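This is the structure I have questions about; it appears just below.
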Amino acid sequence: MEKENITIDPRSSFTPSSSADIPVPPDGLVQRSTRIKRIQTTAMLLLFFAAVINYLDRSSLSVANLTIREELGLSATEIGALLSVFSLAYGIAQLPCGPLLDRKGPRLMLGLGMFFWSLFQAMSGMVHNFTQFVLVRIGMGIGEAPMNPCGVKVINDWFNIKERGRPMGFFNAASTIGVAVSPPILAAMMLVMGWRGMFITIGVLGIFLAIGWYMLYRNREHVELTAVEQAYLNAGSVNARRDPLSFAEWRSLFRNRTMWGMMLGFSGINYTAWLYLAWLPGYLQTAYNLDLKSTGLMAAIPFLFGAAGMLVNGYVTDWLVKGGMAPIKSRKICIIAGMFCSAAFTLIVPQATTSMTAVLLIGMALFCIHFAGTSCWGLIHVAVASRMTASVGSIQNFASFICASFAPIITGFIVDTTHSFRLALIICGCVTAAGALAYIFLVRQPINDPRKD
């Protein structure tokens with residue numbers, strides 16, 4: 001893609017300016033310009049709405065679980081397979097997504113991804129059998145693949161290293177807010193227009209948002225920044241911005257011990273997150289005999305806890321770094337503590353005797369796992385060279401979603417064979433704890449630019 005010379009209203013967030021406009025401040029002093037503030041605000045608002053729509057899409061099948069099973073005659077294992085095939089397609093698509101994102105940037109990648117995942121979401125409302133559903137779920141998984149790597153890339157591009165904690169928490173919280181508002185919103189939509197109308201409506205909204213993203217957002221390399229703006233954005237960064245990775249450099253990441261620690265560790269986080277995302281409404285309906293309306297309200301509560309965990313993480317990591325703790329160490333502490341606590345709460349869930357007790361325990365498990373997960377993405381910002389962030393993020397996501405793809409189908413199979421979620425929750429807690437151990441023993445050194453090795 002050629003570099004754009006943007007000539008728009010000077011009040012716009014993305015108006016270019018000559019590097020000679022403002023001198024670089026002396027003595028290392030950096031300032032955030034009004035234009036950079038507007039760019040950051042615009043980018044974060046667009047990412048927020050994209051993340052909410054993204055998780056409305058992901059939650060739709062979970063909320064409509066029992067209704068779709070009855071209409072299409074599907075078993076719990078088949079529903080689990082539909083949930084798993086999405087995750088598997090999403091994970092595999094992460095591999096080409098990273099290098100493409102490093103080359104094409106978030107504007108094109110997220111715009112196209114959002115358009116196609118929303119198109120397949122709308123098509124989900126038109127299926128009539130299991131095979132058709134599998135195909136549209138695969139399409140959705142591929143389309144959604146750029147979402148998180150694009151978010152990481154946008155934040156890495158438009159915030160300097162000391163100010164990325166809160167925007168990362170905000171971005172991640174948006175996804176959980178999407179999950180939290182999904183059950184009551186989707187349940188209400190189903191009561192009014194049925195599950196088919198729900199899928200189609202959400203898909204159309206996503207298509208409009210995709211068009212808005214492409215029209216409003218600009219990649220950093222396509223904006224002519226002043227010297228002061230460059231100084232602000234690069235402040236504290238050890239690694240300079242360079243050319244995208246070659247295939248050989250990308251392949252070399254799989255020989256890096258820290259990369260494997262991130263892959264295995266984040267797999268523990270995504271297994272837990274995806275199990276609850278896929279099966280929480282079904283669990284509440286099956287274990288506690290809740291109706292659709294009550295399920296919609298109760299299922300929202302744990303995900304609000306998860307959103308809170310993401311937001312709290314941003315403040316905690318920024319506070320630790322400003323207090324003198326090394327950025328990598330601050331993220332690792334949050335990751336490991338959050339994962340062990342989440343595992344403990346998940347293991348206690350089967351002991352709950354009331355739906356409210358179960359919801360609160362799951363809420364604490366999600367608070368802790370999303371607290372940890374936010375630092376996993378934050379770790380990429382501080383432990384990885386800038387030109388490699390998208391590739392590392394996509395590889396991490398690839399591994400974690402391959403692992404997470406087993407959670408729905410394993411859970412569905414266990415429910416079909418034991419008529420209980422107990423064993424599925426125990427397995428989940430153990431996987432989470434194993435992920436924490438991967439961060440302890442494998443993630444010890446930053447991932448440096450191979451050109452400097």
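Cβ coordinates are placed from backbone N, Cα and C, and glycine is handled just like the others.
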Identify whether Ala64 and Pro167 belong to the same side of the membrane as annotated by Swiss-Prot.
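Yes, same side.
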The transmembrane segment (423-443) and the transmembrane segment (43-63): do they have three or more Cβ pairs under 8 Å, with pairs 6 or more apart in sequence?
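Checked: the transmembrane segment (43-63) vs the transmembrane segment (423-443), no contact.
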When you check the transmembrane segment (296-316) against the transmembrane segment (423-443), do you get at least 3 Cβ pairs under 8 Å, counting only pairs 6 or more apart in sequence?
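In this chain the transmembrane segment (296-316) does not contact the transmembrane segment (423-443) - fewer than 3 Cβ pairs sit under 8 Å.
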Report, as numbers and ranges, every residue of the chain located at least six residues beyond the topological domain 'Periplasmic' (354-359) whose Cβ falls under 8 Å of a Cβ in that stretch; write 'none' if there are none.
283-284, 287-288, 290, 298-299, 301-302
Is the number of Cβ-Cβ pairs under 8 Å between the transmembrane segment (423-443) and the transmembrane segment (333-353) three or more, considering only pairs separated by 6 or more positions?
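Output yes: the transmembrane segment (423-443) sits against the transmembrane segment (333-353).
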Averaged over the topological domain 'Cytoplasmic' (444-453), what pLDDT does the prediction give?
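Averaging the confidence scores along the topological domain 'Cytoplasmic' (444-453) gives 76.
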Of the stretches 175-195, 260-280, 333-353, 395-415, which racks up the most C-beta pairs under 8 Å with the transmembrane segment (360-380)?
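Per the Cβ count, the answer is 333-353.
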